[in-house]
Amino acid sequence: MKISELMEVLNNHVPFHQAESWDNVGLLIGNDKLDITGILTTLDCTDDVVNQAIELNTNTIIAHHPLIFKGVKRIVEDGYGSIIRKLIQNNINLIALHTNLDVNPKGVNRMLADQIGLENISMINTNSSYYYKVQTFIPKNYIEDFKDSLNELGLAKEGNYEYCFFESEGKGQFKPVGDASPYIGKLDSIEYVDEIKLEFMIKGNELEITKRAILDNHPYETPVFDFIKMNKESEYGLGIIGQLNQTMTLDEFSEYAKKQLNIPSVRYTGQHDSPIKKVAIIGGSGIGFEYKASQLGADVFVTGDIKHHDALDAKIQNVNLLDINHYSEYVMKEGLKELLEKWLFKYENQFPIYASEINTDPFKYK
């Protein structure tokens, strides 16, 4: 399998367009024409992680946090530059799945929820998205070639299904006049053609490529086509809310979460004996959603990187917070490995997939 094929699989399951506009996801370093020798999943791409990839003869690293995020002004033999140089010198590809993995229904937040053992899970902040229903009219004899052209561009796909079209037959008519150069018919003569009305769905960001595909592949000089905008509730969204199988006190839950996530420390705001049954989680840095989680009935909001004033505000407003540190997202290493094994199972010439055991938490705890 080549990197380009892997990128297509990833885009099908963890769409890159679902990432936040400020994010930097996808193939950050590498060559999409290279064959994959192995994949190593990691939270952060550090020098130690790159060394591990070299030792494992693995030429592809998939990290949650982008190595190239802020503007890189120079690549020298220190800091991030040394990591980038080592990746390039050893022909190692670096792929980032960040906020697009955060909002995925099987992504980081679901992995954290599963680790804690939440049940009856739903999303905190479901996104709404738009798409288009496309309809155009094709002479019957050209319909299959036209559909093939659209499919080659990745259009008319729904999840794991290709060639998602609906056809209905009819009869079209036209009369070429003036300087017309008809593909079918003669000047100044009404032509009747057996046509197929072809309908299919596209994502919101596929409008321009679809328009160009129709104009380039339709046999008519001036094809008729419509784009009908439609809205739907997305299956993607940020954060998970679910229930514990039994009620605990806030103090008990903090110890339980620490143990389940295997992290060195936690801290919380709120009364130690507050009853906890319904739990909301946003991995990484999720402050800003704690009040929505509370409105949804969460007894505690679990996240990382909680600042003093945010914690104080929540405490004053009786919103319980549990800080599990940003590094708790490390659960994605094994979680993503399992997802990749499922997504790539049907492909031949398999390669090993590893979850890095290297701890990239920059903090030491006492």
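Keep in mind that glycine also has a Cβ here, set from the backbone N, Cα and C atoms.
The shown structure was predicted, so the numbers you read here are calculated from the model rather than taken from an experiment.
Swiss-Prot lists His326, Glu329 as divalent metal cation 2-binding residues, and of the candidates His65, His218, His272 the one it assigns to that same site is His65. Per Swiss-Prot, the divalent metal cation 1 site holds Asp102, Glu329; the candidate it also names there, chosen from His13, His17, His64, is His64. His64 (divalent metal cation 1 binding site) sits 12 Å from His326 (divalent metal cation 2 binding site), taking the C-alpha atoms as the reference points.
Taking the centroid of the Cβ atoms of His64, Asp102, Glu329 as the divalent metal cation 1 site, the other same-chain residues with Cβ within 8 Å of it are Leu43, His65, His98, Leu101, Gly107, Val108, Gly283, Gly284, Met332.
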